[in-house]
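Here is what Swiss-Prot says about this protein:
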- 1-20: signal peptide (SIGNAL)
- Asn72: N-linked glycosylation site (CARBOHYD)
- Asn140: N-linked glycosylation site (CARBOHYD)
- Asn241: N-linked glycosylation site (CARBOHYD)
- Cys309-Cys318: disulfide bond (DISULFID)
- Cys317-Cys380: disulfide bond (DISULFID)
- Cys346-Cys411: disulfide bond (DISULFID)
- Cys350-Cys413: disulfide bond (DISULFID)
Amino acid sequence: MHYCVLSAFLLLHLVTAALSLSTCSTLDMDQFMRKRIEAIRGQILSKLKLTSPPEDYPEPEEVPPEVISIYNSTRDLLQEKASRRAAACERERSDEEYYAKEVYKIDMPPFFPSENAIPPTFYRPYFRIVRFDVSAMEKNASNLVKAEFRVFRLQNPKARVPEQRIELYQILKSKDLTSPTQRYIDSKVVKTRAEGEWLSFDVTDAVHEWLHHKDRNLGFKISLHCPCCTFVPSNNYIIPNKSEELEARFAGIDGTSTYTSGDQKTIKSTRKKNSGKTPHLLLMLLPSYRLESQQSNRRKKRALDAAYCFRNVQDNCCLRPLYIDFKRDLGWKWIHEPKGYNANFCAGACPYLWSSDTQHSRVLSLYNTINPEASASPCCVSQDLEPLTILYYIGKTPKIEQLSNMIVKSCKCS
C-alpha cells in the first residue's frame, strides 16, 4: 500500500517537473517577425564587419557591366547549387565561415580577340585546354575560401552522339616520363544537342596550388570519360587510338562554325549572343581583417538531426515565410542588389513526451534546478540555411559579397 502511494507521489512529482521544464518562450507571429528583421539587420552588419550602415551616397546612374557580371554569375551559381541539393535531398553545410566573402571573377583570355578573327589552324577533337591568369590574386592566396570554374555548354545540333560524359582535369607539370600529366577533378554527363547550360566545377584545390606556386598553373583540360588517347602537355599533342571525339561545344572556346550552320550573318548573330558567356573563375576570399576574427572565434559544427516537413498552417514547429525588403524593413538604400530576399524564420511548438519510467526526466529535473534560466525542452530552430549574394557601395566603390547562412530553408526541434 505504501509502495503504491509512494509511486503515485513520485509520478505526480515527475510530471509536474517535466511541465515546468518547457522554458522556450512563445511569441506571436508579429513579434517573431520583428525580432527576425532586427536579427537580420545585425547579422548583415556583423558579417561585413560594419558597426553601422555605410553613409548614404547618390546611387550610380549605371553599374559597371563587369560588376553586374560578377554579381549575376555568383547569384546564378548559388541558385544552381541549391537546385541540385534539393533534387538530391542534400543539405547546405551550416559550418561555413561566418563573415562575408569577397567575390572576384577572372575571365579566360579570349581565343578569338575580334569578330573577324580566324580560328586557330589546329583543331583538338578530343579535348579542350582552358587557362587563367590568377597572378593578381597571389597576395591573397591564404584568404581563398572557394574557387569555381564555370563554362557554358552550347547546343550542338551537329553532334553525332546525344550524350557524353565530360571530365575536368588539372594539367600537371611533369617531372619525368613516368610522372602523371593530369589530375582528375570532376565529371558531368551532358546532352550535346540540348539547350545550352552553365557547368560548374569546384577547383579550390587547383587554384590554391596556383596561387602558391605560379609555375604549376598550366590550366585545365576538358575531355571525355575515356578518350583512350595519350595526352602530352609539353606540346599539346595527343596519340589517338580511335578515340570518341568531344561533341560538346563551349562558349568562348570553340569557334562558332564548329556548332552553327548558316551564313556569315547567322554566325555573327550567334557569336554576339554568346559573347557574355566566357569561361571564368569565381574566387571567394575572406578579407584579412575578417580572417583574423574567424580564426579566433571559430564556430563549432552543429549536428544535423532528422528533418521533418511541416506545413505553415500548423501551430507546431515549421518554416514561416518572411520577405525582407532592405529599403522598407531596414531603411537601407546602400544595398544595390538584390532589393530584398526571402529570409524566412522558424516558429512553433515542439511537443515533447517525457518518459516517467526512465531516469531521463529525473536528470532533466535536476538540470532545470541547476540551470533555471536554460531551456531543457526542445525549441524550434533553423536547420538548413543558404547563402545570399549582395552588391553594395562603400562611397563610390562597388563591392560584391557572399553572406553565409542568410536564407532559412527548413526547421527542426532541438
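Cβ from N, Cα, C; glycine included.
The structure, with features from Swiss-Prot marked on it.
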| residue | record | DSSP (3 states) |
| --- | --- | --- |
| Asn72 | N-linked glycosylation site | helix |
| Asn140 | N-linked glycosylation site | helix |
| Cys317 | disulfide bond | coil |
| Cys346 | disulfide bond | strand |
| Cys380 | disulfide bond | strand |
| Cys411 | disulfide bond | strand |
- Message: Using a 10 Å cut-off on CB atoms, tell me which of the disulfide-bonded residues Cys318, Cys346 is the least crowded.
- Response: Cys318
- Pop the Cα-Cα gap between Asn140 (N-linked glycosylation site) and Asn72 (N-linked glycosylation site) into the table, whole Å please. 23
- Query: About how far apart, in whole Å, are the alpha carbons (Cα) of Cys318 (disulfide bond) and Cys346 (disulfide bond)?
  - Reply: 6
- Message: Suppose we draw a 10 Å sphere around the Cβ of Cys413 (disulfide bond). How many other Cβ atoms does it contain, all chains included?
- Response: 21
- For Cys411 (disulfide bond) and Cys380 (disulfide bond), what Cα-Cα distance in Å is obtained after rounding to a whole number? 7
- Item | Cys350 (disulfide bond) versus Cys317 (disulfide bond) - Cα distance in angstrom | 6
- Work through the disulfide-bonded residues one by one (Cys346, Cys350, Cys380, Cys413) and name whichever has its CA nearest to the CA of Asn140 (N-linked glycosylation site). Cys346
- What is the interatomic distance between the Cα atoms of Cys380 (disulfide bond) and Cys413 (disulfide bond), given in whole Å? 5
- Over all shown protein chains, what is the count of other CB atoms within 10 A of the CB belonging to Cys350 (disulfide bond)? 17
- Task: Could you measure between Cys346 (disulfide bond) and Cys413 (disulfide bond) for me? Cα positions, answer in whole angstrom.
- Result: 10
- Item | Neighbouring C-beta atoms (10 Å sphere around the C-beta of Asn72 (N-linked glycosylation site)) | 15
